[in-house]
């Protein structure tokens, strides 16, 4: 239990209620497929960041709840389509949407979620000045473009073994951090924050998102399958060029590199081959990856500390969430 549990639960429950009311309609199977991943829980980290960022600048809660729901629905849309592209079978401990409902319906479910995200954001922005509405839609739309670019780059990486660290960081700043940045900056924007504070909150989200993805890559090697909610070592099997793989290939001995490369991207790799590869990766890059995540976490806190708002509880809550991001185990 944390000091912030009641605070967080109120936000999560309100956002969940809005999502449930919006992801329903007259075509039951489509809406069932669209709502499927929401039934498995999830951290709701992005709507928490958005709502608390709004609180930080004295924003209206109901408006933030709808904007947070828009962000979470958009995030879920990306998960549905990512699982199709990565051919993943499990997400959050459940069969992925395309596995449970078939590929055509999963694609439609993703499309529906994409549209519903905009519908929710439209509701969130009602009554705001036109300039604020345009800025919010611009941030939201650009985040989708940037995420799509990041996913494409990530897929290209699967066919390369010469990825540099900066290329990886650029990729995750698009694929993952863009939506964190959208969450924190839209939250500040709809609460009336000035341009400099919106920029600082965007920087907070970007750095936090990078730290989050690095930790996610670490957990892909260290968490057990039940905690992770997907098959352990799936990143190795899929050939994902995480920071851990990049650093290992840079530092390991030639015979160790052969072991890693034999398993990397090999859909039929045995459990023993995956474990041997994972052990080598942990040996060379685990500490480095943790330190890198810590660096971006500190960058996020530095940006947060510079905002003009001195609202105590929301500021502390965002710092708590940021720390959770790098200390989490799933």
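Any Cβ shown, glycine's included, is placed from N, Cα and C.
Since this is a predicted model, take the numbers as computed values, not measurements.
What Swiss-Prot says about this one:
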type	residues	note
BINDING	43, 46, 75, 92	isopentenyl diphosphate binding site
BINDING	82, 86	Mg(2+) 2 binding site
BINDING	82, 86	Mg(2+) 1 binding site
BINDING	91, 175, 176, 213, 230, 240	all-trans-polyprenyl diphosphate binding site
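Counting in whole angstrom, residue 240 (all-trans-polyprenyl diphosphate binding site) lies 23 from residue 43 (isopentenyl diphosphate binding site) by their C-alpha atoms. Secondary structure at residue 91 (all-trans-polyprenyl diphosphate binding site), taken from DSSP and collapsed to helix, strand or coil, is strand. For residue 46 (isopentenyl diphosphate binding site), the spatially nearest entry among the binding-site residues 86, 91, 176, 213 is 176, judged by CA separation. Surrounding the centroid of the Cβ atoms of 43, 46, 75, 92, where the record places isopentenyl diphosphate, the chain contributes additional residues within 8 Å, namely 42, 44, 45, 72, 76, 79. For residue 176 (all-trans-polyprenyl diphosphate binding site), the spatially nearest entry among the binding-site residues 43, 75, 82, 86, 92 is 75, judged by CA separation. Sparsest Cβ environment among the binding-site residues 91, 92, 175 (other Cβ atoms counted within 10 Å): 92. Across the structure, residue 43 (isopentenyl diphosphate binding site) and residue 213 (all-trans-polyprenyl diphosphate binding site) place their CA atoms 14 angstrom apart.
Neighbours of residue 75 (isopentenyl diphosphate binding site), defined as other CB atoms within 10 A of its CB across all chains, total 22.
In this structure, the binding-site residues 43, 46, 240 were compared by how many other Cβ atoms lie within 10 Å of their Cβ, and the smallest count belongs to 43.
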